[in-house]
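According to TrEMBL, the feature transmembrane segment maps to 12-30, 57-79, 85-104, 111-130, 150-171, 178-203, 215-235, 247-267, 279-299.
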Amino acid sequence: MSQTRGRYDFCIGLVLAMSSSIFIGGSFILKKKGLLRLARKGSMRAGQGGHAYLKEWLWWAGLLSMGAGEVANFAAYAFAPATLVTPLGALSVLVSAILSSFFLNEKLNLHGKIGCLLSILGSTVMVIHAPQEEEVETLNEMSHKLGDPGFVVFATLVVIVALILIFVVGPRHGQTNILVYITICSVIGALSVSCVKGLGIAIKELFAGKPVMTHPLSWILLPSLVVCVSTQINYLNRALDIFNTSIVTPIYYVIFTTSVLTCSAILFKEWQHMGADDIIGTFSGFLTIIVGIFLLHAFKDVNFTLANLPLSLRKDDRAANGTLLSTYDCFNHDEESSACLGEIQSTENLSGRRNGSLSAF
């Protein structure tokens with residue numbers, strides 16, 4: 001019976017996590033649209049410390065969408081392990097990339113489509129190999145976990161690193177280095193996930209009729225979550241305002257997920273109850289997601305489609321066979337003229353250098 005209940009909770013958590021990704025992915029687009037509208041109006045930008053976005057309805061729509069996603073994510077942590085819920089945030093990257101191509105004029109080329117497929121494949125692998133049962137089911141157990149020396153050291157280091165980035169590194173390099181604000185969001189996010197996990201357990205106990213409101217941990221986790229989420233929203237807005245959405249989203253996902261998986265390994269020790277094949281499968285799925293996200297965004301400005309593939313193969317074959325492109329071949333295809341002329345000039349220069357001709361210089 002308990003095993004059946006565990007699988008039922010696992011499925012609920014999986015559906016909630018996927019729904020969360022859809023809402024959060026859409027929220028990035030709405031927020032970015034709102035920030036762009038403010039920039040066109042000449043308002044002080046969020047990256048410069050302005051808060052004019054509070055008057056923009058598109059930004060509020062994005063915030064509400066993110067709120068709905070976070071609520072679904074919040075509930076997902078109550079039913080499924082953090083090792084499963086957090087990596088599925090990759091789906092929000094896919095939603096963001098697809099919507100960006102429609103609403104932000106950011107093209108999704110062949111590399112991006114392959115990246116989407118790889119991310120979906122990696123997510124599927126992680127779902128298959130994720131731990132199926134919860135190891136923490138009561139607030140008393142959660143209190144014991146939070147008091148573990150290993151987690152106390154980890155949380156202390158996270159707070160110190162975040163404070164250094166906020167007050168020392170941020171004012172100097174936040175406007176030019178994309179990692180500063182995203183790292184602040186990510187490391188604080190590891191603590192916010194822990195708070196969400198604890199509050200999710202508290203809500204489950206509340207519905208079960210247990211005296212949750214008298215437990216001191218509930219009143220510690222709630223204000224801690226508010227502080228963490230407020231900090232994340234603030235610095236994520238700054239990163240989105242300064243840098244491109246398609247760059248911010250994947251970097252944020254990778255650093256945030258790594259931080260949460262590290263926190264989960266220290267706090268919940270889910271890895272101790274997984275077999276070697278599941279651990280390998282989980283890491284393989286996560287790495288596949290990272291590769292997919294890299295392909296999705298690293299080559300987003302490269303105009304490469306399936307229609308270009310035969311042309312590229314023909315050029316490679318000609319180069320391998322030592323066949324030079326003629327001027328006639330180049331001018332016979334207008335759209336390829338500039339590329340071919342470049343190849344001809346490069347070939348002539350190379351021949352001149354090999355023959356010792358000064359004209360090549």
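In case you wondered, yes, glycine gets a Cβ from its N, Cα and C as well.
Unlike curated entries, TrEMBL annotations are predicted automatically.
Under 8 Å from some Cβ of the transmembrane segment (57-79) lie the Cβ atoms of residues 9-10, 12-14, 16-17, 19-24, 26-35, 37-38, 85, 92, 193, 196-197, 199-201, 203-204, 229, 233, all in the same chain and six or more residues away from its ends. Counting Cβ pairs closer than 8 Å to the transmembrane segment (85-104), the top stretch among 150-171, 178-203, 215-235, 247-267, 279-299 is 247-267. The stretches the transmembrane segment (247-267) and the transmembrane segment (279-299) meet in space: the count of Cβ pairs below 8 angstroms, excluding pairs fewer than 6 apart in sequence, reaches at least three. Within its own chain, the transmembrane segment (150-171) is flanked in space by residues 180-181, 183-184, 187-188, 190-191, 231, 235, 259, 262-263, 266-267, which lie at least six positions past its ends and keep a Cβ under 8 Å from the stretch. Pairs of Cβ atoms less than 8 Å apart link the transmembrane segment (279-299) most often to 111-130, out of 111-130, 178-203, 215-235.
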